[in-house]
Amino acid sequence: MGIQLIVFLGNPGAEYEETRHNAAWLLLTYLFPSIVLPWRCGCRGSIARIEGFEGSSEEVWLLKPLTYMNRSGKSVGAACAFLQTDAKQLLVVHDELELPFGVVSLKQGGGLGGHNGLRSIKEVLGTADFWRLRIGIGRPPSESVNIAQYVLSAFYPAEMAAFPKLGRATRDLLCQLVVTDQAATVTLLSAWRKKRLLSLCE
């Protein structure tokens, strides 16, 4: 079995909707444009089940923690317990400072890169050995810009306009992760280690 639970990290509230820290939530908006996701409240967040994911026979759950970023682990831990999901069946989609906008990176385990949402998940699960899909948001334009303020700043209009294409380009990877068994994932890790999906110059 591949990925069973996909978590999209972000902050609830209208003031955070288009901020860089909410890149995963913005991506989710454009991942499944042709279906209405059956969201319901649960596991300290919004959770939805998709049967026959992207035409496969697999079932996958989607989770948007509503605990705010720094407490994401409380929601993820509750969902993993409810679904009996282990770390190897968990994919966390999150913003990544070290990648430029338009670049995504698939990773399993490893360091947390100072990301408070990932840190919270590790603290609750007791392991960092879960999958991550890192969505590039780029670094601040100047070293004088505070990182905390930067990740809570809004995307530029050109970046916002690119999210539909970013969502379409990412959907294929998510489908492969859901239907691919653990033994075959090394190929995906290699292909998606650092992949540019779009350029704002296009």
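Cβ coordinates come from backbone N, Cα and C, glycine included.
Cross-referencing ASN116, ASN146 with the tRNA binding residues that Swiss-Prot gives (TYR16, TYR68, ASN70) picks out ASN116.
When the CA atoms are compared, the recorded positions lying within 10 A of ASN70 (tRNA binding site) are ASN11, out of the candidates ASN11, HIS21, ASP95. Between the listed recorded positions, namely TYR16, HIS21, TYR68, ASN70, ASN116, the fewest other CB atoms within 10 angstroms of a CB are found at ASN70.
Using ASN11 (site 'Discriminates between blocked and unblocked aminoacyl-tRNA') as the reference Cα, a 10 A cut-off selects HIS21, TYR68 from the recorded positions HIS21, TYR68, ASN116. Listed in chain order, the residues near the tRNA site other than TYR16, TYR68, ASN70, ASN116 are ASN11, HIS21, THR67, MET69, ARG71, SER72, GLY117, each with its Cβ within 8 Å of the site Cβ centroid. A distance of 6 Å separates the Cα atom of HIS21 (active site, proton acceptor) from that of ASP95 (site 'Stabilizes the basic form of H active site to accept a proton').
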